Amino acid sequence: MCLLTDPEGEPLGAPLYLPQNAGPPQLQEIVNKLLKNEEKMPYAFYISDQELIVQLGSYLQKNKVSVEKVLRIVYQPQALFRIRPVNRCSATIAGHTEAVLSVSFSPDGQNLASGSGDTTVRLWDLNTQTPLFTCSGHKNWVLCIAWSSDGKHLVSGSKAGELLTWDPQTGRQSGSPLLGHKKWITGISWEPVHLQAPCRRFVSSSKDGDARIWDISLRKCVICLSGHTLAVTCVKWGGDGMIYTGSQDCTIKVWETSQGKLIRELKGHGHWVNSLALSTEYILRTGAFDHTRKTYSSPEEMKEAALARYNKMKGNAPERLVSGSDDFTMFLWEPASSKHPKARMTGHQQLVNHVYFSPDGQWLASASFDKSVKLWNGITGKFVASFRGHVGPVYQISWSADSRLLLSGSKDSTLKVWDIRTQKLKQDLPGHADEVFSVDWSPDGEKVASGGKDRKKVLQNAMLIYFLLSRDLPRRQLDQIRLQTLIFLRLRLRLRLLYCHIEKSEDKEMEEKYLDMVMVPLGLLLLAIYHLWLLFTIARDPKRTVIGLNAQARQRWVRAMMTDTRQNGVLAVQTLRNNIMASTVLATTAITLTSVISVFVRITTTTTSASLLLYGNKSPAAYTIKYFTISLCFILAFLCNVQSIRYYAHVSFLVTTGEAGGVPADYVARSLNRGSFFWSLGLRAFYLSFTLFLWIFGPIPMLASSVAMCCLLFFLDTTTEFTRGFHVSSTLKEDVTEVV
């Protein structure tokens, strides 16, 4: 007995008794008849998120499912067309004089636009591989490009914070620049054509912490969406008329678009929000354009067609939003109805760089720095599969128009095409000589674009074109294109297309996280070398160090105290008691600070946001390592002070027995020196915790404090010409009670 349900869980009638030899073809016939489809539609069938590709009897036998159990089968509509993967390079085109930073296909997939570090935007003829128009006007790098969903307008954003609009038919600038942002543009999203035709409004996000809604007819910003406390990293204009913004302040804000009022704030991430994706994104991008390539005579006709496509794709389900973060997690939201996440998706071991819904909204893919691509159920957020094969971080992913293939680009210089049905690698596409930052599959499914950086000087700023050669398709449809953009080696850019925020100095850029990898070990190495030198000096020439001089002074003190215990016993016990009290205070302080740090870490695990005042690795893993090492120092200080208390207590008994008691003074002196040794170790653990504490504020303060600490300890530990007179004079007195 089988129960057919749609992806939302609604049953398609009552349970059916089906023969064991029934397979996907028979199930398609049943579903089409039950739905009363005039034309037969293709469907895929899933049992427990696994596609059914065999007969029911074979599935029951393989998975050991009882025939008496009601089998729940989920049917999902499929695209009427199939997309073939790319496989080889066929041509090379060039035009930009500097790095190409962004590429974008038009909604119908027939045109391609690119933005470059040479401050120009170029529109390309994909048949001749030559530029149609070179659009000049920007004053700095062109970082973002976005087409309106009616294909009539193109907008570009630059590092200078300016936005320019272009007419794709003529390549000319439409009106004056749109000014208002104070820092560079991080994202652009147009108002869907089914909400307003022709398209005239779009929203932009910026590093300055604002998102702005612009009207290209009025040539001005009509609404400024302010509320984020840090940079806005991504923005989406939803199909229900809401705008979603993700920020480095760890929040996602939902805005209404008529007056720019905040509807709700979505919280849950513990670090930067890197990427947003909508379940309706493919429909919003393509508008009224579909695989039939139908043309429309009026904006109203296009709006009606786009609205029909949107309603058909969305159905009765709400628009879903997914967010990916630096905290290694993703959240699935239904923001129109709730501020609480529908699902929390975990499994990645490093930051989630890019998230993307399949065109049919049934699947969700995520790319991570942990070298994997993961597949999730786009409705429930349930984990489905993990695609492994890349040997470097995966920067970005893109779906084919039929939702059957997934493309991924990685730091390992390869592109990989994954088959969703088999959940295996379909095609490996080497060819890049360096990291692949961005990938895109054209809306019509015929072209693929990828961008990265390359160390081959001869290919610098070139664009490589790949064609798919297949005997099953007409030659005009054989243009599976792979566009490779090459990035300057000196410009260490993390492209907007994979979200990673762009941080560049005027001459060169070093990623902040690499400072921790260099400066922190260097600071610890300086401290380790200094203490190794100190131990070597104590062993070879103890009189050059304060520790060595004090050890000799303690030996004389013990002999003096044990010579006449009746006269000196009270003084000896009181001196040792003072040392015990000092060790107790330090031990208590150490264990208290350890407890405070552990509580602080638990409280701030999901609420900590990176401050602009910090410079260095701000990832949750980095903070965890910092707090752990500080706690480790305090625990070490606690254990060392406990050991010093043990030896001091032992000596307080032995010193009062006197030499007549049969206990040699040398033995008592050695015990006292051991207690002082552990005392010194406890103090130095506190010294180290200070430098590690400054590490919280970045690797530079940590390294500076390590150097300063070495200089200070050198002055305190050694008997230089200045300190020798002070320290040595104290050893000549028999009543020395100072303890290091």
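Numbering starts at 1 and runs along the chain as displayed.
Every residue, even glycine, has its Cβ placed from backbone N, Cα and C.
Unlike curated records, TrEMBL annotations are generated automatically.
Per TrEMBL, the feature domain 'NLE' maps to 4-60. Restricting the average to the domain 'NLE' (4-60) gives a pLDDT of 82.
The DSSP breakdown of the repeat 'WD' (93-134) into helical (H, G, I), extended (E, B) and coil residues amounts to 0 helix, 24 strand, 18 coil. According to TrEMBL, the feature repeat 'WD' maps to 93-134 (among others).
Each residue of the repeat 'WD' (135-176) gets a DSSP state, and the totals for helix, strand and coil are 0 helix, 20 strand, 22 coil. Look at TrEMBL and you will find 135-176 (among others) tagged as repeat 'WD'.
Look at TrEMBL and you will find 178-217 (among others) tagged as repeat 'WD'. With helix defined as DSSP H, G or I and strand as E or B, the repeat 'WD' (178-217) counts 0 helix, 18 strand, 22 coil.
Here the repeat 'WD' (225-265) has Cβ contacts under 8 Å with residues 183, 186-192, 194-195, 201-213, 271-278, 280-281, 283-284, 310, 314, 319, 321, 323, 325, 333, 335-336, 339, 499, 501, 607, 609-610, 612 of the same chain, all six or more residues outside its ends. As annotated by TrEMBL, repeat 'WD' applies to 225-265 (among others).
Annotated repeat 'WD' per TrEMBL: 345-386 (among others), in sequence order.
Counting residues of the repeat 'WD' (387-428) by DSSP class, helix then strand then coil, yields 0 helix, 24 strand, 18 coil. Look at TrEMBL and you will find 387-428 (among others) tagged as repeat 'WD'.
Residues or ranges marked as repeat 'WD' by TrEMBL: 429-455 (among others).
Here TrEMBL flags 514-536 (among others) as transmembrane segment.
The transmembrane segment annotation in TrEMBL covers 580-601 (among others). Proximity of distant same-chain residues to the transmembrane segment (580-601), defined by a Cβ-Cβ separation under 8 Å and at least 6 residues beyond the stretch ends, is recorded for 623-624, 627, 630-631, 634-635, 637-638, 641-642, 644-645, 648-649, 652, 679, 682-683, 685-686, 689.
The feature transmembrane segment is assigned by TrEMBL to 621-640 (among others).
As annotated by TrEMBL, transmembrane segment applies to 647-665 (among others).
What TrEMBL lists as transmembrane segment is 685-716 (among others). Proximity of distant same-chain residues to the transmembrane segment (685-716), defined by a Cβ-Cβ separation under 8 Å and at least 6 residues beyond the stretch ends, is recorded for 515-516, 518-520, 522-524, 526-527, 530, 534, 546, 586, 590, 593, 613-617, 623, 626, 629-630, 633-634, 636-637, 640, 723.
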Fill in the blank from the handout: With the cut-off at Cβ under 8 Å and a gap of six or more residues from its ends, the chain residues touching the repeat 'WD' (345-386) are 7-8, 49, 76-79, 271, 274-283, 313-314, 317, 320, 322-332, 392-403, 406, 408, 410, 418, 420, 423, 498-500, 619
Exercise for the section: Please work out the helix, strand and coil residue numbers for the domain 'NLE' (4-60) from the DSSP assignment. Expected result: 17 helix, 11 strand, 29 coil
Exercise for the section: Sort out the residues at least 6 away from either end of the repeat 'WD' (135-176), same chain, that have Cβ-Cβ distances under 8 Å to it, and list them. Expected result: 101-108, 111, 113-117, 119-123, 182-190, 192-193, 197-199, 202, 204, 206, 208, 214, 216, 219, 284-289, 299, 302, 306, 496, 502
Fill in the blank from the handout: Under 8 Å Cβ-Cβ from the transmembrane segment (514-536), and at least six residues away from its ends along the same chain, one finds 545, 547, 615-617, 622, 684, 688, 691, 695, 698-700, 702-703, 705-707, 709-710, 713-714, 717
Exercise for the section: Report the DSSP secondary-structure composition of the repeat 'WD' (225-265) as helix, strand and coil residue counts. Expected result: 0 helix, 22 strand, 19 coil
Completion exercise
Reduced to three DSSP states, the repeat 'WD' (345-386) has 0 helix, 23 strand, 19 coil
